[in-house]
Amino acid sequence: MIQTIAFYMFAIIMIASAVMVITARNPVHSVLWLILAFFNAAGLMVLVGAEFIAMLLVIVYVGAVAVLFLFVVMMLDIDVAAMRAGFIRNFPLGIVVALILLAELVLGIGAYNVGAINLGTPPAGDASVVAESNTAAIGALLYSKYVFLFEIAGIILLVAMIGAIVLTHRPSKSKRGQQDIGKQVRRNPDEATVMKQPEVGKGVEL
Amino acid sequence: MTEFFQSLGMSYEWAWGVATVAGILLIALPLMLAVAMIIYVDRKVWAAINLRRGPNVVGPFGLLQSFADGLKVFLQETIIPSAANKGIFLLAPIVTFTVALAAWAVIPFDAGMVLADINVGLLYILAVSSLSVYGIIMAGWASNSKYPFFSAMRASAQMISYEVSIGFILVCVVLFAGTFNLNDIVRAQEGFGLGIVNAYVVHPLIFPIWVMFFISCLAETQRVPFDLTEAESELVAGYQTEYSSMSFALFWLGEYANILLMCILNALLFFGGWLPPLDIDLIPWFDIPGIVWLLLKAFFFFFMFSWVMATVPRYRYDQLMRLGWKVFLPLSLVFVLVISGYLMATGHFGAAA
């Protein structure tokens, strides 16, 4: 009962906010609706018992990725009228993408109804994983059976990160603006100020 | 609590619903009272360090000052700027306040005394605290005014930066405890230090990460040295500039609820939570309820927050970013490696090592 109410609440809000993402006129509103959709997706994950994935979804997508989206959308001066002008021109392309997605959905659901895919016999120890907590079970799988794929994914991300830094990094040419915090902290009154007592009518030589 | 309501003759669903609402009220209402008192404490400590008297007129010792302020704010008119984006402008303080309260669902006040005893409690707190930036960004953008917008930009960059190092620091604690459940993390600290001290912080590898955690907490809650979002000399009042009346008060309440949450987290993760400080029964302090220990520890950390506020000058923005990305991030990453290596070497993980 409680699960059913929760499921329909999360599902309805998620679909409604997903519709609002594409219909909202203001791009900032779109991103905010997208965040609501992410959040409700996390709620659905909790309902199926994947609380670890749900929390990661909120931390990574809502907490970091969507903030950057929001940043970009707020900073850019997006002209909605100009974007609408391209609508007719891109309409056939949109139809093609929609048809491909529809075909994939139909095929996917059809294949799912036929039965589970069978690529090999599951190892004998698989059933014991279910009893553990979510986090421990994911860890046990990632670091034993899928350790190679996991490490490869990590290396790809590392390469992407270094690539982004290399592409955007500009070494500053000017000498000004370079600050050495250690030097600033070490500064003391003795080297920063000089006491002079000039005679009346004479200036100070620095 | 669900069982109690079931014994009154309710069905499970109704009993669960009523018990949850009762639990939420039992946490939220005392929390609001605590926020009011903690604002008073904050001002008193600040005043004492500045050799002033602080609030001392309303009620005995000025104890009712926060309530007088609250009443004043409540009676004011809510002004919405004509150029503001109305819906988001009104939503922003509500989001800030709700998110600040939501994190309290997983805080254990005593053994098993918790609203939602979930397996991923610590991750839940990270997730909720990463949401709290939205209230500020929405407020800054919807105000349609340049100072709030600058402030929102600063706040989001700052909170994202420090969340990274807080995440790594929490991983270190989780490595020691072996669980994300806050109740179990506290229980794992029982007799941790040489069999007598109930705290993680006595361990030479954990003390430095606690110091980093404390500083990151200051940055995450935008307290002084890191309160660049409301640096009054540059940004008027930051993202709250255009707000008045209750919408302003909701920001204020949410901010202090977040600060209290961070104090409680310090106590739970590093100082043994609701356990008494020592695991030996010198005086009969096992009879003192755990919630008293937890609140005492949290109060001590709040005093430290106020102390820092009264003594440390504000950081410059580039220094803040440098501290987050070039000092805390590499340091906490190294500590994750060192601590997991240490735990593997000492056989902490038992059969897995």
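Along the chain as shown, residues are numbered 1 onward.
Every residue gets a Cβ built from N, Cα and C, even glycine.
Any TrEMBL annotation is an automated prediction that lacks curation.
Note that the coordinates shown come from a computational prediction; the quantities given were computed from them, not determined experimentally.
Listed features, source TrEMBL:
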TRANSMEM  B:14-41  transmembrane segment
TRANSMEM  B:88-109  transmembrane segment
TRANSMEM  B:121-141  transmembrane segment
TRANSMEM  B:162-180  transmembrane segment
TRANSMEM  B:200-219  transmembrane segment
TRANSMEM  B:249-271  transmembrane segment
TRANSMEM  B:291-311  transmembrane segment
TRANSMEM  B:323-345  transmembrane segment
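Residues 85, 88-89, 91-93, 95-97, 99-100, 102-103, 105-106, 148-153, 155-156, 159-160, 163, 166-167, 170, 173-174, 180-183, 185, 220, 229, 239-240, 243, 251, 254, 258, 261, 265 of the same chain, all 6+ positions outside the transmembrane segment (B:121-141), place their C-beta atoms under 8 angstroms from a C-beta of that stretch. Under the criterion of 3 or more C-beta pairs below 8 Å, with sequence separation of 6 or more, the transmembrane segment (B:200-219) and the transmembrane segment (B:88-109) do not qualify as touching, having fewer than 3 such pairs. Between the transmembrane segment (B:323-345) and the stretches B:14-41, B:88-109, B:162-180, B:249-271, B:291-311, it is B:162-180 that has the most C-beta pairs under 8 angstroms. Stretch with the largest number of CB pairs closer than 8 A to the transmembrane segment (B:14-41), among B:88-109, B:162-180, B:249-271, B:291-311: B:249-271. When Cβ-Cβ distances below 8 Å are used as the criterion, the transmembrane segment (B:291-311) is approached by residues 38, 41-42, 45-46, 49-50, 109-110, 113, 214, 218, 223-225, 259-260, 262-264, 266-268, 271-277 of the same chain, each at least six residues removed from its ends.
Non-local neighbours of the transmembrane segment (B:162-180) in the same chain are 119-123, 126, 129-130, 188-189, 200, 203, 205-206, 209, 212-213, 216-217, 219-220, 269-270, 324, 328-329, 331-333, 335-336, 339-340, 343, 348-349; each lies 6+ residues outside the stretch with a CB under 8 Å from one of its CB atoms. Away from its own ends, the transmembrane segment (B:88-109) comes close to residues 24, 27-28, 31, 80-81, 115-118, 121, 124-125, 128-129, 131-132, 134-136, 138-139, 141-143, 182-183, 186, 242-243, 246-248, 250-251, 253-255, 257-258, 261, 264, 268, 273-274, 290-291, 294 of its chain (Cβ-Cβ under 8 Å, at least six residues beyond either end).
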